[in-house]
Amino acid sequence: MRKVFSANHNAGPRLCPCNSVFPRRRPTFCEERLPAFSLGDLEAYFRQGVALQYLGRHADALAAFASGLAQDPKSLQLLVGMVEAAMKSPLRGSLEPTYQQLQKMKLDKSPFVVVSVIGQELLTASHHTASVVVLEAALKIGTCSLKLRGSVFSALSSAHWSLGNTEKSIGYMQQDLEVAKTLGDQTGECRAHGNLGSAFFSKGNYREALTNHRNQLVLAMKLKDREAASMALSSLGHVYTAIGDYPNALASHKQCVLLAKQSKDQLSEARELGNMGAVYIAMGDFENAVQCHEQHLGIAKALENKREEARAYSNLGSAYHYHRNFDKAMSYHTHVLELAQELEEKSIEMRAYAGLGHAARCMQDLERAKQYHEQQLSIAEGLKDRAAEGRASSNLGIIHQMKGDYETALKLHKTHLAIAQELNDYAAQGRAYGNMGNAYNALGAFDQAVRYHRQELQISMEVNDRASQASTHGNLAVAYQALGAHDRALQHYQNHLNIARELRDVQSEARALGNLGNFHCSRGEFPQAVPYYEQYLQLSPELQDMESEGKVCHNLGYAHYCLGNYQDAVKYYEQDLALAKDLHDKLSQAKAYCNLGLAFKALGDFTKAEECQKYLLSLAQSLNNAQARFRALGNLGDIFVCKKDVAGAIQFYEQQLALAHQVKERRMEACAYAALGATYRLVQKYDKALGYHTQELEVYQELCDVSGECKAHGHLAAVYMALGKYAMAFKSYEEQLELSRRLKDPVVEAQVYGNMGITKMNVGVMEEAIGYLEQQLATLQQLSGNEAVMDRGRAYGNLGDCYEALGDFEEAIKYYDQYLSVAQSLNRLQDQEKAYRGLGNGHRAMGNLQQSLVCFEKRLVVAHELGECGGKAQAYGELGALHSQLGNYEQAISCLERQLAIARETQDRLLEGDASCGLGAVYQAMGEYETALRCHQSDLEIAEEAGSTVRQARAYGNLGLTYESLGNYERASCSKNST
């Protein structure tokens, strides 16, 4: 979200006074313009002037006389009339001494001199519109004196500036500068550069502002003008701050403090300390910032200057706001408000409301923030301060956007834009475009968001506002990501980070790092996400933002969880939990307990997992959060499934269902049906599983929830697959495929193609299976992220199985190789084991027994890394069989005896039978028939115990062969007959 315009009293450079005519405040009113008269109608001008004089509209009367003199400078009647009108006006007190000097110098009859002097008096009295008419009339009258023309240019630049005519003001400033250069007037040149710098700064043209203030400083130093040098340095400090060059900004303001101390100008010293504090805040140095602002406050109190005291309190409020101590920020801004009301100073009161609104917004008190910003806007309108109106409109727009009222937000941001365009404030236009982009982004109108953010970026580049460029790159990245333009999004996120680092803006750098981590996480690119989150946490001590730190710890825990790094996931979820407890944030604690429990479950620590989910359940009940209660019950059910306590799991899922009925939440109901269906499928109660999944489907259909329907069809298909009803399963997958296409969800679509391929494999239609698996691969090519890559690897593995079944072992090996490559790149050990097994079988079928041996040995190494007994036993069995085939009987016996030991250790009787069978075959090949008989007899006993006729047949067949080898043909015949 874009930041609200800072309510900092020291926010920009001051304009230098020029010939004592530059006003120090903007006018609160404008006089109406005079009607135009026909050329040469001098009598009309005279009569108009007299009439306006009698009406008491003295400024307008003087403008009428001046307009006439511009037509005929020789008209004595108009000149005398103008002088008399001036002497009868409120200007007399200040004008009379000047006019007497003109009389002594015999310049009282010079139309140019008289008109220009009266014009400058009007300007000093804040009659800006009339002063423009009079001063421009003086230029039309003309003079040979460059110096006099220069003074008029200077006065006109001031008058137009006060009227908000920035472009015209700059034009006259430039003419004033040229005159000063021509005359060799370095003082005038210094003044003109200062005014131009301030004008360009106000427009956001920082490059030109910097050039002019540097020239101002050089000239001030040549002239040894300490006051002008101080003004130039202060202005340079503001420009450097605006472009993010904080070291130079700080150096400039420090020099100002030194000059102020040398001059014993305590007021200037106080203000420059305030400016230093603002720079320290921008640099992330809170301690030094507060120290500067407290010194500023101390001097203001010593001087008994309540206006300066208000400035110091305002800056302290901004500092504590930056430090996220919003209560203290509110306290300081309240002091500003009290002082403003005591002083009856509306402009200070307006800024106090801006600061209070910003703090309330960050405290999520949007209604109070709205009230403060409405008061800010009301005062700005009362003061007729258009720039302040624009800022207040912007702040209100942000509040309405946060409240979800996007139409009102856009209307307010458009008002801000219109005011910025009216004032030719280029930088403010950029901010308005950015806020409009944010509003369109929130509305989901991402194309429009991109258009406005691109305009914002263009402006920030033109005015060389690097800080604004950084945040705009971030906003563009968000919009491009939403549009699916991931490459562009990534480039803009990276640009944001690069600029933030260049500016040494720790806050901005942290936002960029967090966004880059989130970007990669959202795409399943967890290895790329982790370093960005870790870099964010390295900055967190400087940020002092526990809430954001907690979120990043949570995201980092999630990334490690998805990578299978469950111990690291636990570490970061525990950090997230500790921060949430420090903040007394129960909702964040609940989220942390939820994910921490999932990580413990993945580690097989079901006791801690259960404990975490029970904490989640307790917090959910205290928060009266039905969604969190539902999730806790579901997670507890999943843990009991892992503990093989299916009855306990079903109880939790039934509680989920009861809660869903209680709160009348149909989607929760569907989720509970899905969990119950999956659990009953697990214990092979397929009728109940089908019943629950059918209810799940019906609920989603009633809700017109296409995504839910899609999942339910997948669940039904899984039950049909378990039942061996492949035609029904395939039909459910077809329904799921159609829905995934409607959803335009390539992730689900790819998954369904894979399942359809597996279904065809189960019915032995390998050619059709290959077609579906190839469609799965084509769909997966559209996706990025580690999971998509791993799914591609598994599709390669399934294709390898298909070609192996078809007897095309060469093609099978090619796909198993691709499967292995993917599994190794992502360090997925289970998939590596499967790939090595496929490769081993493929090479053995082709007669490449040595290559097969290498693959099976590697498979065994991976199985040991996994530490799963079943996998190790199977690997030993297959390796033993291959050694036997190669005639390596001792190695074969060693492998098969290890398989047998694992079987006995795990009390897996069927596995024990397989190992005995394998050992019998090896001893048979070695001619050790008695030992072979014992092994096959053991296999037979286990088969009879299990009631497996297939295994009994295998054992009898092997016994027959062994008896035959022993020459006991009668027993051999009996065994064969039993087979």
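Every residue, even glycine, has its Cβ placed from backbone N, Cα and C.
What TrEMBL annotates here:
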- 42-75: repeat 'TPR' (REPEAT)
- 230-263: repeat 'TPR' (REPEAT)
- 310-343: repeat 'TPR' (REPEAT)
- 430-463: repeat 'TPR' (REPEAT)
- 510-543: repeat 'TPR' (REPEAT)
- 550-583: repeat 'TPR' (REPEAT)
- 793-826: repeat 'TPR' (REPEAT)
- 873-906: repeat 'TPR' (REPEAT)
| remark: Tertiary contacts of the repeat 'TPR' (793-826), defined by C-beta under 8 angstroms and 6+ residue spacing from its ends, are 754, 757-758, 761, 764, 766-767, 769-770, 773-774, 776-777, 780, 786, 832, 834-836, 838-839, 841-843, 845-846
| remark: For the repeat 'TPR' (430-463), the DSSP residue counts stand at 31 helix, 0 strand, 3 coil
| Where else in the chain does the repeat 'TPR' (550-583) make close Cβ contacts, counting only residues six or more beyond its ends and a cut-off under 8 Å? | 514, 517-518, 521, 524, 526-527, 529-530, 533-534, 536-537, 540, 589, 591-593, 595-596, 598-600, 602-603, 786-787, 828
| query | Mean pLDDT over the repeat 'TPR' (550-583): what is the value? | reply | 95
| note | Taking DSSP H, G, I as helix and E, B as strand, the repeat 'TPR' (873-906) contains 30 helix, 0 strand, 4 coil
